[in-house]
Amino acid sequence: MNRTFTDEVKYQWNNGGMHIKLMGINLVVFILINVLLVLGSLSVSSGNPNPMEGIVFDIFTLRGDVKGFLTHPWGIFTSIFAHFDFMHIAFNMLFFYFISRFFLMYFSNKRMLYTYILGGIAGGLFQILAYAVFPKLQGMQTFVVGASGAVNAVFMAAAFYRPMAEVHLFGLVKVKMIYIALFYILIDLFNMGGSGNVAHFAHLGGAAFGFLSIYKIGSKNNVVNFTQTTIENLKTSLSSKPKMKAKKGGKSFSNTSAKKQTDEEYNLNKKKKQEEIDAILDKISKSGYDSLTKREKQVLFDQSR
């Protein structure tokens, strides 16, 4: 039976992985922004300012100056899902699609979400810091928009985690991931003093976070591990229900749950699991995917979910 467009969208959302969800959010926000701008332009006569421009900018852009950021703090989050220009979102999402598939070979969907969001926020903060420190930037545009910093974080995390892994560039030339990563970093370093409208410091901030996200990856102090554990512990504490007690024969019984892992136990298990994944990936690189046992294939599949 052929699926309708709506069915296909639902299927991809439910089964496509975190990168599909993030790309979908970016696309929906892009459409929303442009619909609002078109409606705004149609609501006024020619030559008058678009009333929706100010609203869209207030909601979806990050103010590069400290004062603007303090009055519009939500922009550091909303801006990493927003694009105004078609070529901007097309490049970011195409690059994100290809690099996310490489990322998910080694990391989980949940880790991708944390890396994307935290990397985007880090890129925004780095751009704000640059505006405050360098006088030349203060005379340029004071807003930042786009997923470039977040995408850069995901890319750099994968590249620095497996620097010697090779990819086919344009389907023709084999290039090691680390060389592509360094090339992107150098482009931003050489152009960060330019007069264009590209937020090079946001790119560099995202890249720096990508490296930090895999530094001491088996430790509870790893920035992504720490953030994820903190948020999940907070969610657990907020959603936990009071213990119910029942009396029987004059004695009280409490429905206590299973013993919860300590941070040390959690991170030890996580490290062991990562070591197992690394061993499986090494086996693939030496003998190919078909050499894996049924259990090893299942472990790799579970990790990529």
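Even glycines carry a Cβ here, placed using N, Cα and C.
Among the features that TrEMBL reports, transmembrane segment is placed at 20-42 (among others).
Across the residues of the domain 'Peptidase S54 rhomboid' (72-217), the predicted structure has a mean pLDDT of 90. Here TrEMBL flags 72-217 as domain 'Peptidase S54 rhomboid'.
Same-chain neighbours of the transmembrane segment (74-100): 17-19, 22-23, 25-27, 29-30, 33-34, 37, 59-63, 112, 116-117, 120-121, 123-125, 143-151, 154-155, 158, counting only residues six or more beyond its ends whose CB sits under 8 Å from a CB of the stretch. The transmembrane segment annotation in TrEMBL covers 74-100 (among others).
Long-range neighbours of the transmembrane segment (112-134) within the same chain, counting only residues 6 or more positions beyond its ends whose Cβ lies under 8 Å from a Cβ of the stretch, are 18-19, 22, 62, 64-66, 69, 75-77, 79-80, 100, 103-104, 142, 144, 147-154, 157, 192, 199, 201-206, 208-210, 213, 223-224, 227-228. The annotation transmembrane segment is assigned in TrEMBL to 112-134 (among others).
The transmembrane segment feature in TrEMBL is assigned to 140-160 (among others). Residues of the same chain lying 6 or more positions beyond the ends of the transmembrane segment (140-160) and with a Cβ under 8 Å from any Cβ of it are 26, 57, 60-65, 68, 75, 79-84, 88-89, 92-93, 95-96, 99-100, 102-103, 106-107, 112, 115-120, 122-124, 126-127, 131, 177-178, 180-181, 184, 195, 197, 199, 202-203, 205-211, 213-214.
Summarising the annotation, TrEMBL assigns transmembrane segment to 167-187 (among others).
Per TrEMBL, transmembrane segment is recorded for 199-218 (among others). Listed as Cβ neighbours of the transmembrane segment (199-218) (distance under 8 Å, sequence separation of 6 or more from its ends, same chain) are residues 64, 114-115, 118-120, 122-127, 129-130, 144, 146, 148-161, 181, 184-185, 188-189, 191-192, 224-225, 267, 270-271, 274.
Per TrEMBL, region 'Disordered' is recorded for 242-268.
According to TrEMBL, the domain 'DUF6576' annotation covers 262-302.
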Key: DSSP helix/strand/coil residue counts for the domain 'Peptidase S54 rhomboid' (72-217)   = 99 helix, 10 strand, 37 coil
